[in-house]
Amino acid sequence: MALKEIKCSSCGHVNPAGTQLCQSCGKLINEDYDKKKIKDVMRYDGSAVRSKVRSQTLYDKIWNFFTSIRNGVIIIALISIAAAIGTIFPQEYFIPVGADPEQHYQEHYGTLGYLYYQLGLHNLYSSWWFLILNGLLALSIIAASIDRGVPLFKTLYKQHVKKHDSFFKRQRLYSIQETTIEDDKVSSIVSKLKKMRYKVRTDGENYMFEKGRFSRWGPYINHSGLILILFGSMLRFFPGLYIDEIIYVSEGETVAIPTTENEFYIENNRFIVENYDQEEHDVFSDALMNAVVTQNFQTDVSIYRNLNQNVVGSRPDLEKVDDYSIQVNHPYRFDGYEIFQSSFDSSQLRSMTFFLEDADGEQVGDPFVVDLRTPDETYNITDDIVIDMRAYSPDFLEIADNGTLVSQTPVPRNPAFVFEVNEQGEDPERSFIRIMGSTPITDNNEYNIRFLEAEDQVASVLTLKKDLTMPFFAVGFVIFLFGLFIGSYINHRRIWIKNDTAFKLAAHTNKNYFGLKKELNKVLESEDIEQVEDKFVIEQTKKDK
Amino acid sequence: MDTQLVSLSGTLLYTAFVLLIIAIIPIAMSMKTEKKRAWNIGFTMVIVSFILMLGYIVFRWIGQGHAPVSNMYEFIVVFAIMIIGGLIITYFYFKTRTLALFTIPIVLLLIAYGSMFTREASPLIPALQSNWLFIHVFTVTFAYGILSMSAVAGLIYLLKVIEPKEKSKRAFALESLMAGIVVVISFIIMTVVMTGIVGYQDDYYYVDRQGNEQVAEYNLPALIVFRDAIPVEHVGENNYEPTEHMMTGVELPPVINSQSLNTVIWSFIVGLIVYGIVRLSIRQRIITLIKPLTRKVNLELMDEIGYRSVIIGFPLFALGGIFFAAIWAQIAWSRFWGWDPKETFAFITFMFYTIFLHLRLNRGYEGEKSAWLAILGFLLILFNLIAINLLVAGLHSYA
């Protein structure tokens, strides 16, 4: 079907197919439209909206699917419902690290939890179907905005002042008198509306007042912002744009910062946990009576740059760049990276101290300290007694068949040792030492190795972030908010006046007729002209009765 | 000194609360007359009450050293204050009295409910130590206060439009809403009476989801308990001894909080009994009792208020509830968005009002449909503000 342009029978303006109101004089072109609600026809100023005109080809049908507000609302509703389902049980990233998800959901949430896991709802927000829903939303936003925004833009930028008589009656607010009014009164109205910051255009006896047109772009601006945000979220999938790493660094230790290719190093000078002191914070005394509340988590760090970064296999040559105290809410920023205080780990041991005891239970020589990260091989106790470390397991699991000690992890949490006491002229004595016990390996041992004390190793767990996608989100959301605020807080108001054969006045706004009516009636009242009534309200009241 | 300031702030809030109750009388009287006097008295009391509430915020803020928005009590109270703020703003623009009459009881209920939680000044955990705390929470609650006006306007609209006698879904739904309010009132009165006046307490020992040993303190007779719960008695310090308490034999797995559910069940039982008594004694739906208050209401004005408050409140919510929230989440938790349950429900609230606006602007959802949506939005806000913190353990559970 060929779609014909329509020539207005009144003013002769040629309008694109599908136009409802003549784009020049505002006379109704599509007679069918009158049967529908009066409010619809002015929505896009009666311009031809593509999706309302064409529906023949497959392309039209797809276009119409995405431009449909109804479908858009359904997509939004589906996304919201899906998001809500994701909060029924914790998502996978909230369950304890290292727990087997299948087991965890079954154990903690029963059959429902098992089902939740099997359906993949434990990773809902990154599931393919949730992403597809968001993709559909993006398409819907783009299509609907172009479909309506383009014709609206064209119409609002070439408005004609002179309107057909029927146009006046089509507005929600209008006042039509029997006769004309004096020119004085008209010019008085003009100056009053000017003071209200209306822009005035005239064409003979025709006047048009307009303000706040900018607010009509609000929806299109905020939709652009949303598109930018959705685009930014897709960028997360490109490697390098988003870095999320853990830095595990014990007190006194210096480690390379991941992903910087050994350019940067971080040293943990001190890790601090402070709790609120009841004495000091009198006002919280009730709350602190039964509970310990943490006041501060802090890691004092030094940041170094490695001057030998490009020399392969060389030892790092560190130059201090900065000192900083990383706290919660006070991350350290450098070179596009941010380092956050995430948590801490005090489950590790730094060193253990032992002493040697003879058969009578007397201590022999000085106690000796075993550094659990880099333990020494031998410890001199007296001039003729030496203790050798024969085996060491930082996180003891079991003794293997071949007699070696098996370690669960390389982290010193549950150390175990085989020590050999060598006294000059005697047979070596071996024993197996753990935190809670000591087992002799050789027979008839004369000496005992006793545990004296252990020193904890506190490690700070820091989060390293670099997010190059963030500008898309930030800029996108600022654009979104800007569009939302101008679209919501500013009203586009237009008033038409015709004073040729009789005085006619009509007014239109995209929203808040209440405010427009108030504003307009104030002017009309002062000029002693009949005030405008909201036609929609009158219709509603009739319907109610 | 600081402690005195905090207790002074409590007194101010209490005074404001009492003043609001009294204000209902002149405001109700002003419904029947054109004369301004009763209304002026009532509305002045509302304004004074609002100023006292601001005093509560200021003194508690100075006293405890951080904005009073860090636990459930403070949250709910600030939300209630913001609703009064929203009411005052709306009145100055639209000059509608009925809105006040319906808003005040809701605010009173909220403050009373908030007072069920611990009211002591509590120190801030490290994650909350930021100026974003008050920027974020005050913007969100202010938006909530404005958005609530749309729900109140919607409620008035529906009461006016719906005939109490008609046999329809909408009349049933509206009546159910009223029954729900009766249940909430019953809950509050029951809790105050049983904890404060009767001092009822039964302790039950149980093992929670994480396998930790816990003791649940029931302030109402236990209809349901946690699985394998043992009735115990507190014998000083952290020691408990087995004893005899009421047991119905109904036990639930620890994934459900039996103690909260027990309170909910009691609230429904007592609430529905109260509702039944009222219903039987007036032999009509209770909306019949309230409907006359909306006699003089202008429907279009209510619809306009319903729409305008969403259009004003929604951008503020997007600003405070999503944008400021994201900035702070980035600083404190190293990620601006993480699908934490509270974040997710902020997102859902955002999406809900998006739907509201699109349906209204493009699909003609005005009047009654719009009124129902506004009420739904308010229930969603309440759910996000209160229920999420209590039901789901996330980063936002401070209570």
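For all residues, glycine too, the Cβ spot is worked out from N, Cα and C.
Since the structure is predicted, the reported quantities are computational estimates derived from the model, not experimental observations.
The domain 'Cytochrome c assembly protein' annotation in TrEMBL covers B:81-195 (among others).
Annotation comment: TrEMBL describes B:272-396 (among others) as domain 'Cytochrome c assembly protein'.
Taken from TrEMBL, the feature transmembrane segment covers B:12-29 (among others).
The transmembrane segment annotation in TrEMBL covers B:41-63 (among others).
According to TrEMBL, the feature transmembrane segment maps to B:75-94 (among others).
Panel annotation: around the transmembrane segment (B:99-118), residues 13, 17, 20-21, 23-24, 27-28, 31, 42-43, 46, 71-77, 79-80, 83-84, 87, 90-91, 148-149, 152-153, 155-156, 181, 184-185, 187-188, 191-192, 293, 305, 386, 399 of the same chain, lying at least six beyond its termini, place a Cβ under 8 Å from a Cβ of the stretch. Annotated transmembrane segment per TrEMBL: B:99-118 (among others), in sequence order.
According to TrEMBL, the feature transmembrane segment maps to B:133-159 (among others). Among residues of the same chain six or more beyond the transmembrane segment (B:133-159), those with a C-beta under 8 A of the stretch's C-beta atoms are 66-67, 69-70, 75, 78-79, 81-87, 89-90, 98-99, 102-103, 106, 124, 170, 174, 177, 287, 290-291, 293-294, 297, 299, 302-303, 305-310, 312-314, 316-317, 319-321, 324-325, 328, 353, 367-368, 370-375, 377-378, 381, 385.
The annotation transmembrane segment is assigned in TrEMBL to B:171-200 (among others).
Sequence annotations record features per position, and here TrEMBL assigns transmembrane segment to B:264-282 (among others).
Residues or ranges marked as transmembrane segment in TrEMBL: B:310-333 (among others). Counting residues 6+ beyond its ends, the transmembrane segment (B:310-333) has Cβ neighbours under 8 Å at 86, 127, 130, 132-133, 135-140, 142-147, 149-150, 343, 346-347, 349-350, 353-354, 356-357, 360, 374, 377, 395 in the same chain.
Annotation source TrEMBL lists transmembrane segment at B:345-361 (among others).
Taken from TrEMBL, the feature transmembrane segment covers B:373-395 (among others).
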- For the domain 'Cytochrome c assembly protein' (B:272-396), give the DSSP counts of helix residues, strand residues and coil residues. 101 helix, 0 strand, 24 coil
- Rank B:41-63, B:75-94, B:171-200 by Cβ pairs under 8 Å to the transmembrane segment (B:12-29) and hand me the top one. B:41-63
- Folded-back contacts onto the transmembrane segment (B:171-200), same chain, C-beta under 8 angstroms, at least six residues removed: 109, 112-113, 116, 155, 158-159, 162-165, 218-221, 263, 266-268, 270-272, 274-275, 278, 285-287, 290, 372, 375
- Query: Reported in the order helix, strand, coil, what are the DSSP residue counts of the domain 'Cytochrome c assembly protein' (B:81-195)?
  - Reply: 91 helix, 0 strand, 24 coil
- Mean pLDDT over the domain 'Cytochrome c assembly protein' (B:81-195): what is the value? 92
